[in-house]
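Reading through the C-alpha cells given below for one structure.
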Amino acid sequence: MGDSAIGGGAVATTRSRKSHTPGANIAFAALPADPREVFSRIAVLSLPMVTRFRGITTREAMLVEGPAGWAEFSPFVEYAVPEASRWLAAALEHACTEPPPPQVDAVPVNGTIPACPPGSVAEVAARYSGVCTFKIKVAEHGLDSLAEDCARIEALRTAAPGAQVRLDANGRYTVAEARTALRTFSRFELDYIEQPVMDVEDLARVRADVDRAGLGIRIAADESIRKASDPLRVAALGAADVIIVKVQPLGGVRAALNVIGASGLPAVVSSALDTSVGLSAGVALAASLPASARPGEGIPACGLGTSALFRSDVADPPLRAAGGVLPVGRVTPAEERLSALAAAPDRVRWWTDRLQRCWDHLRTSPH
Ligand SMILES: [Mg+2]
C-alpha cells in the first residue's frame, strides 16, 4: 500500500521502531480504492460456538493480512455500514501498524459465570484455573432472579474465596428495580456491576442513588459504550465509575486509548466475541492502558477469555488463558483452521461486498 496512508512513518519502518507514536493513525482518504492492495490475504470464517451467545450459534468473521500481520474485521451482521466501518478502521490499524508498546507481557482475564443454577457455579468456576476475578451474570429475569442471583454469588464466594466478583445485568433492570437489587447486592463486596439499566441517563440516576445511599458499589458502563463518543458522554453524565471498552467498536487500539484518556475513567478491556486474532488486539490495548485508566495495582482483569466460547478457533492453539493470563503478542491463524472454518461461498460474497462498502465509507467520509 502507499506509505502515505499510514501516519507516523512508513509501514516498513513501523515494525522495527521501538517507540511508536500512540496517536499514529491511518490516513483513510489516502487508501487505494481496492482493499486487496492493502490486504494480501482475506479469509471469511464461520466459527461454531459451544453455546448460544448473543442469540447466535455461529460467529462469522473476516480475517485480513496486512503488512504488520493478521487482523480481524467482525462487526455483527446486523450492523450497518457506518458502524461496521469503525470495526474496519480497527482491522486496518492492526493489520498495518504495530500496537503501542506494552507495559506488561501478559494480561489477566476474568472468568464468566452464566445465569446457571447456583449448584453449577463451582463446576463452572473450576474451568478457570488461576483466574482471580469472576463476572456473574444476574437479572436474567429482572428482580425475579434476585434470590437466585444472590445464591450464585454466595456459591462463587464458597468456590473461589478471595476472588474479586463483578456482576453483569446487561441492562435488564428498570431504575426502580436496580435500586432494590443494588441494595440487596450491597452486602457482598463487589468490584462493580455492569450496566444495571440500559439507558445511559438512567445509569446516571442509578449511580447517583448508589452514592446517596452509600452502597459502595461501582457502576460500569458496557452496552452504553458502542462508539468513540460514548465514553465521553458516560463521563460527562457521571453515569459510571468504570467503562468497558472493546477495540473493534471504538475503531482500534489507539482510538480506544484516546477515548479512555479523554473520559478520565478506569477502563476494563473486553471482547466483542472476537476470534483469537481479534482478542490479541484487545490484549494489546489492555497491555498499553495508561496508569490513569487502571488505578490501583496492575491491569484490571479483562473480558478476553471468550475463545472458550468457540468449538474451534482460528489459531492453533487458540488464545486462551493459562494461569489466568493471556500473553501479549500477535496471533497468526493456522492454515488448516482457515480451510476447516471457511464460510460458505454466499457468505464470502456477502462479507467481501461488506468489506468494500465499509472501505469506501472510510475513504470518503470525514473522520
Ligand atoms: Mg457486559
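Any Cβ shown, glycine's included, is placed from N, Cα and C.
The domain 'Mandelate racemase/muconate lactonizing enzyme C-terminal' annotation in TrEMBL covers 118-213.
A 10 Å cutoff on Cβ-Cβ distances gives K137 (active site, proton donor) a total of 19 other Cβ atoms nearby, all chains included. According to its DSSP assignment, K137 (active site, proton donor) is in a strand. What TrEMBL records for K137 is active site, proton donor.
If you look up TrEMBL, you'll see D168, E194, D222 marked as Mg(2+) binding site. In the three-state DSSP classification, D222 (Mg(2+) binding site) falls within coil.
Around the Cβ of K246 (active site, proton acceptor), the same chain contributes I225, A256, V269, S270, S271, A272, G282, each under 8 angstroms and 6 or more positions distant in sequence. Under the three-state DSSP scheme, K246 (active site, proton acceptor) falls in the strand class. What TrEMBL lists as active site, proton acceptor is K246.
The Cα of K137 (active site, proton donor) lies closest to that of D168, out of the binding-site residues D168, E194, D222. Ligand 1 lies under 6 Å from the Cβ of D168, E194, D222, out of the recorded positions K137, D168, E194, D222, K246. Other residues of the chain with a Cβ within 8 Å of the Cβ centroid of D168, E194, D222, the Mg(2+) site, are K135, R166, L167, A169, N170, I193, Q195, A220, E223, I244. In sequence order, D168, N170, E194, Q195, I244, S270 are the residues near D222 (Mg(2+) binding site), counting only same-chain partners six or more apart with C-beta under 8 A.
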